[in-house]
Amino acid sequence: MRLKIGIIGAMAQEVEILRNLMVEAKVIKMAGCKIYDGKINNTKVALLQSGIGKVSAAIGTTLLLELTKPDMVINTGSAGGLDANLNVGDIVISTEVRHHDADVTAFGYEKGQLPANPAAFLPNEQLVSVALKETQTAGFNAVSGLICSGDVFVNGAEKIAQIRQDFPNVAAVEMEAAAIAQVCHAFNVPFVVVRAISDVADKESHLSFDEFLPLAAKNSSEIVVAMLNNFA
């Protein structure tokens, strides 16, 4: 049986390249989400534009899993780099995903852990391996590691320092991956996060997030398309 791949991006810019590659796509619009159900390079794909933030991502991921039944999920798009080895346009691949803005430590949970859930959501090892292989083949610099999510665009030294204190090995931050991972965990669907860096903490730049975003979308989409060929 041929596999079907779910792909999730938050913003129109993050899914546009992939959407333009799709054929035989039908569009599902529901609850502020858009799902494009079709094919890319003869691989069955369901592409979700979820909207920004963890609630939108959770709604969209649930709809994607229930309505299109993908065998696995790839979360793509942009992220802010916190690992010193990451620069704009580089690729970050999840080895674990956590909420950085959840705190139930008063009841004995780890920082970022929600009750009835693991402290960290672990991606599928095969998907991580495929992502790393295709990133290397494409010649991109890549870091694999912890990706932390929260409903905040992280900038400013104080916020960055707090996240690093709570999660010393954090590689990148963004606003949806932990919600997507939590829904995939609940539905027992394998996932991986493959994003490109749009802005880098602690490094001065005259370029804004908006100027970085097209490059991040291009690079992350290139890796996702290469990954799809492994499941055709």
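Note: Cβ is positioned from N, Cα and C throughout, glycine not excepted.
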Record-annotated substrate site (Swiss-Prot): member among V97, V104, V154, V194 besides G80, M175, E176:
V154
C-alpha of G80 (substrate binding site) to C-alpha of D199 (active site, proton donor): distance in Å?
5
Residue among active-site residues E14, D199 with least C-beta crowding, 10 angstrom cut-off:
D199
Please list residues from the chain of E176 (substrate binding site) whose Cβ is under 8 angstroms from its Cβ, counting only those at least six apart in sequence.
I8, A10, S50, I52, G53, K54, S56, A57, N75, G77, S149
DSSP three-state call for M175 (substrate binding site): helix, strand or coil?
coil
Can you tell which of the recorded positions E14, V154, M175 lies nearest to D199 (active site, proton donor) in space, using Cα positions?
V154
